[in-house]
Amino acid sequence: RSRAVGELLAPTSPFDKKCGRENWTVAFAPDGSYFAWSQGHRIVKLVPWAQCLHNFLLHGTKNVANSISTRLPRQNSDSGQKNKPCEHVIDCGDIVWSLAFGSSVPEKQSRCVNIEWHRFKFGQDQLLLATGLNNGRIKIWDVYTGKLLLNLMDHTEVVRDLTFAPDGSLILVSASRDKTLRVWDLKDDGNMMKVLRGHQNWVYGCAFSPDSSVLCSVGASKAVFLWDMDKYSMIQKLEGHHNDVVACEFSPDGALLATASYDTRVYVWDPHVGVILMEFGHLFPPPTPIFAGGANDRWVRSVSFSHDGLHIASLADDKMVRFWRIDEEYPVQVAPLNNGLCCTFSTDGSVLAAGQDGSVYFWATPRQVSSLQHLCRMAIRRVMPTSQVRNLPIPPKVVEFLCYQI
């Protein structure tokens, strides 16, 4: 069993409407400074992560979300203390389905034509929060002040997922039930650069590769698509799932791609060649393709890749959170969670956050010292696709190891 670290409980409203209280998304800031989650009923809570951990240690695991604010000094963002985290409660005006943090790196230039005049000058310490809403809008907030910066309005249906390019370019991709993905440039006042079409049904999720060159999108009708983000064209479709695919994430070195589906499985792919390397089943025996949609008490809702490149977390409707090692068939740790909807690892990989109805639960993740071989493999795979690895003048066993085949 995994060890519980703490929990953030949403305040119960006087009439406690169950509908609309779902916590569809949780997120950690790239620098580990903030944690955000959707409390349901339009509200997003932003809390300093260090303060959260401190409170968990101080008061045990219990922590009512609204009680944190009494212990946090509030700063005026213009007083030179802009980087000192303080808590914010954001009313997004509609049900929140997706969240993503984005940080800017000034030397990364915008990919679009250079336009002289901009409403916002993004500095080095800029930290943004994008929220995808039920009405198809995407609202962009300044994390340090809690102020609304941009309101992006092109989707016609629920914005189901959001992801920022990791290269600091503030390129944002949104996945929607209107069957499209849209690419936005926040350094160009939120200009929509491209619409990616190809999905025949709802798009559930999207994720960038670590070098920002490839985007994976997943959706209904077993769809797993890979896109070239320099040309905005589809590279390939990955075929293997038997039901809707609802979540995806790349490994830290970009050599692996994990996808979670309602067919009760998590697949780990080599995205460069489109083959399945590993299968993590949540139902035994696994359902056949014909009945893969019938085991809905085992639907996998979410998947997340740990930063050590060795562990994957999955969350399923059988009231369990599972931690897997990429080289083992069975979970190495499990934890109980009713009605879990989303999960993600903290920036340093030490904690897994999982969202339920308005609340968040945290567990310590399996920790072990990575072998030197694995560290070398990750270093090589960050810069080499599978095709180049296979051409290296090295023993076949080493090639297999570098390609995650042993």
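Each Cβ is built from the backbone N, Cα and C atoms, and glycine gets one as well.
In TrEMBL this protein carries:
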DOMAIN    362-406  domain 'SOCS box'
REPEAT    122-151  repeat 'WD'
REPEAT    152-194  repeat 'WD'
REPEAT    196-237  repeat 'WD'
REPEAT    238-270  repeat 'WD'
REPEAT    300-334  repeat 'WD'
Mean pLDDT over the repeat 'WD' (196-237): what is the value? 95
Per DSSP, what is the residue tally for the repeat 'WD' (196-237) in helix, strand and coil? 0 helix, 25 strand, 17 coil
Can you tell me which parts of the same chain pack against the repeat 'WD' (196-237), counting only residues 6+ beyond its ends and a CB-CB cutoff under 8 A? 160-167, 169, 171, 173-177, 179-183, 243-250, 252-254, 257, 259, 261, 269, 271, 274, 382
For the repeat 'WD' (122-151), the DSSP helix/strand/coil residue counts are 0 helix, 17 strand, 13 coil
